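Trainee: Okay, so TrEMBL annotates it like this:
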- A:1-28: region 'Disordered' (REGION)
- A:48-66: transmembrane segment (TRANSMEM)
- A:78-105: transmembrane segment (TRANSMEM)
- A:125-146: transmembrane segment (TRANSMEM)
- A:153-170: transmembrane segment (TRANSMEM)
- A:182-212: transmembrane segment (TRANSMEM)
- A:243-264: transmembrane segment (TRANSMEM)
- A:297-317: transmembrane segment (TRANSMEM)
- A:323-339: transmembrane segment (TRANSMEM)
Amino acid sequence: MTQINNEPRTSGAVDSAAAAPSDLGTGSWKSTAGSKMASVMGSVPGPLIGLIIIFIALSFLSPFFLTPRNLLNILSQVSAIGVMSVGAVLIIIIGGIDLSVGSVVALSSMSMAWLFRVAELPFEIALVGGLVVGALIGLINGLLTAYGKLQPFIATLATMSAAAGLALFLTNGNPVNGFPQWFLAITSTSFIGIPIQGIVLILIFAITAFWLRYRPSGRALYAIGGNEEVARLSGLPIRRAKIAVYVIAGILAAIAGLLVTSRLDSAQPTAGVADLLNVIAVVVIGGASLSGGSGSMLGTFVGLLIIGVLNNGMSLLNVSPNLQPVVVGFVIVAAVMTDRRTSRKKS
Amino acid sequence: MTEVVSDTLYSADRVSNANGSSAGLVCLGLSKSYGGTSVLTQVDLSLTPGSVLGLVGENGAGKSTTSSIIAGMVRPDGGSMTIDGEIYDPQSPADALKAGVALIHQEIRMVSELSVAENIFLGRLPMRRGRVDRKLMNEESRSILKLLGSDTDPRRQVAGLSIAAQQEIEIARALTREPRYIIFDEPSASLGESETERVFDQIRILRDQGAGIVYISHRLEEIRTLADTVVCLRDGKRVAAWETGDVSKEDIVRAMVGRDFVFSHLAPKDATTEVALEVRGLGRTGVFEGINFAVNRGEILGFSGLVGAGRTEMVRTIAGADRHDAGEILVDGTAVKIRGPRSAINAGIAMVPEDRKGQGLNLDRTGAENITLPWEPSLTTGGIMTVRTVNATANLQREFLDIRSKLDIPVGSLSGGNQQKVLLGKWLVTRPRVLILDEPTRGVDVGAKMAIYKTIRSLAEQGVAIIVISSELEEVLGLSHRVLVMSGGRQRGILDRADATPEAVMALALITDSSDDAQPSNQPGSSPQGRSESQ
């Protein structure tokens, strides 16, 4: 029989795939580290190139930018948003969206403060309580979308509103401070030269990346976001996966809330509420599609660094803080447009 | 019968001489390549008003590219087209429509929330004093639909109409532009036999009114009944042409694949007597009821019936895709509770769904990822699924199913035949004891079809119990040991291979509800099902 690759779509795809270093192709199916690396990097070319360009430009523009101290500083600055982004990208991979992430930061932080200062529980229990509150909001999001069949945008809009209100209600809008020294030390101490919060961030990214790549339940997320009916007929536990992902996102938002609280030495009822758009920006710049089924941890990390480096660089260059979101807006458009161009070339 | 088989070009003179003049739509030397890959080389076509040209060829032979060029969707790299001797060089589909050339797509594109008439006039609603002239629009729609023999109310919403009715709207939409040349790109792909007949009638009406029609199809029987001339493409070249529609199937197939093929009418090997799947009194309220049958290991049970007979709906409940609310399902003699796809898979039941794109494959992901999707515990070591296992599993299926493509690219870019093989492979990974195949060769070229038939036979010989649903009677009759016929959601009879003639099957398939030979059996012992996993 003749080869059936004459359709235009097919031939294009075959050509470009043949050009890329690939081990899955014709004869040999053995993996090599080199080609695996290439295929991983191949999924984030646009954002990564953007990051490198921004990095080089800022190194020339500001003498303070390319110093170890400043670079570690950037890592600390992005840690809270970064932890939130991990939850957000998981939800976006399954085709959902979580608007409540910022409010969960505030509510879990205020819940911890309330349990510690008002209910006068031991701090360790209050801390776990904060995480439980985050998980609970995630559970509600998950139940509403998986069983209540609400669109995630609507479900999380509701919980966003409720969580933001509760965070203010708990202490009547007053911030709470006076936390134990060891808790504050989390965000002011370094371990082998790297800030602990940066280590936490990288660990969370690494674990999640491993989960998505090697665990069947992680791989299933792509299938669910890509085509839910296909995933369902393949016997994947869709509802369980959805709920799990929203709960994980809630816990991660709560962890981000703890980092913010520790850094400020104060639980602020509006902390993190403004971070929602940054988090979505990170995920989108990182190459995930809001229609679901795509997104990677490496891409998200690059997206996170782009946002972090940009904000840091603009501050060093004395760009008005009010102008910084404008630049972020431009970067989102540029990132998504280049990303779409390269992915169109691929298929 | 004048058969012209040539590997060289069909000369322009001969095309026009054959028709006596250059009247009609004439394409000369159409060529197209994408990125160095030539998909169409020097193709000549001549379409006379008032006739039907059957265009055949395997997937990827260049049929779609040819029709896209004629309809102005794709610009050719070389060649020229004329209509009645005048240069026809469409820059866009709109240009083509202006010149009187319309393409009716294989896939139905409807805005289901709008009315039938609004869909027919979509994009150019008739206006009167700044408002949509609904009266005119509805009247015109009604008369066009009437021409097609349809009595669909133009004011109703498209949502809820049958596929066949939507297909008519699609045709009606093209007709509002009063085209002189109409290309039908596999209109029967999603239709059953009787609906297809209806489309044929409509095509004949259009032909008799003087339209020149190109009819593209995989179903060779259709070409024979409909076409006045037949052109066969292979690898982007015109390889054969007949000045009559009365071409033997074997001749067409030989030209299409470039070699002889005989669809084995040999009986399959005898099945065992061990019952693998038994279904007792299966029913789903308002959809089907009273289904009783058993499939032995190594047996192929065909399901026949018209579209809407309830075959797909019935097997979906066996595979856990939908709930059933009556009856029981036994695998290897043990009753199993099917609560969702997962429990069906665990019971050893796998279903290859009819809708490859919507239900079968994740088109953006690679073939290897799709094949390893059903989450088999055997694919993981210590809960970890390595790249090596994924690739090895995919490679195994690639060899077994003769998938002729790499599997590390998105399945969406594979040909229909390879996609179907990937889908089959995905379910074979679960090592099913019972394999349900719903339209296993839809939108698949002849070569791949043969390969799939061979696979089905060999799986049966290995002891898998197989259920095959197909709208192509020949496929069901050729493959199966026995054929179960449904109509109107009821089982009308099971025929042995020897008795399963097309006439016998159609007689059962046409039984209507008034003839009461199948009693609904709502067995009291059936337990209420738990919530399904349906989302």
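Yeah, the Cβs are placed from backbone N, Cα and C, and that goes for glycine too.
Keep in mind that what you see is a predicted model, and the values were worked out from it rather than measured.
Could you give the neighbours, burial and distances for every feature on this list?
Mentor: Counting residues 6+ beyond its ends, the transmembrane segment (A:153-170) has Cβ neighbours under 8 Å at 97-100, 102-104, 106-107, 109-111, 113-114, 118, 137, 140-141, 144-145, 269-270, 273, 276 in the same chain.
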Trainee: Does the transmembrane segment (A:297-317) make contact with the transmembrane segment (A:243-264) through 3 or more Cβ pairs under 8 Å, each pair 6 or more apart in sequence?
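Mentor: Counting Cβ pairs under 8 Å (6 or more apart in sequence), the transmembrane segment (A:297-317) does not reach the transmembrane segment (A:243-264), since there are fewer than 3.
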Trainee: Which one of these stretches, A:78-105, A:125-146, A:243-264, A:323-339, has the most C-beta pairs shorter than 8 Å to the transmembrane segment (A:48-66)?
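Mentor: Stretch with the highest Cβ contact count: A:323-339.
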Trainee: Short question: which residues 6 or more past the ends of the transmembrane segment (A:243-264) have a Cβ under 8 Å from it?
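Mentor: Residues 79-81, 83-84, 86-88, 90-91, 94, 96, 98, 100-102, 104-109, 112-113, 127, 130-131, 133-139, 141-143, 145-146, 179, 183-184, 186-188, 197, 200, 204, 217, 221, 271-272 contact the transmembrane segment (A:243-264) from elsewhere in the chain.
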Trainee: Mind checking which residues of the chain, 6+ beyond the ends of the transmembrane segment (A:125-146), have their Cβ under 8 Å from one of its Cβ atoms?
Mentor: 96, 98, 100, 103-104, 107-109, 111-113, 115-116, 119, 152, 155-156, 158-159, 163, 183, 238-239, 242-255, 257-258
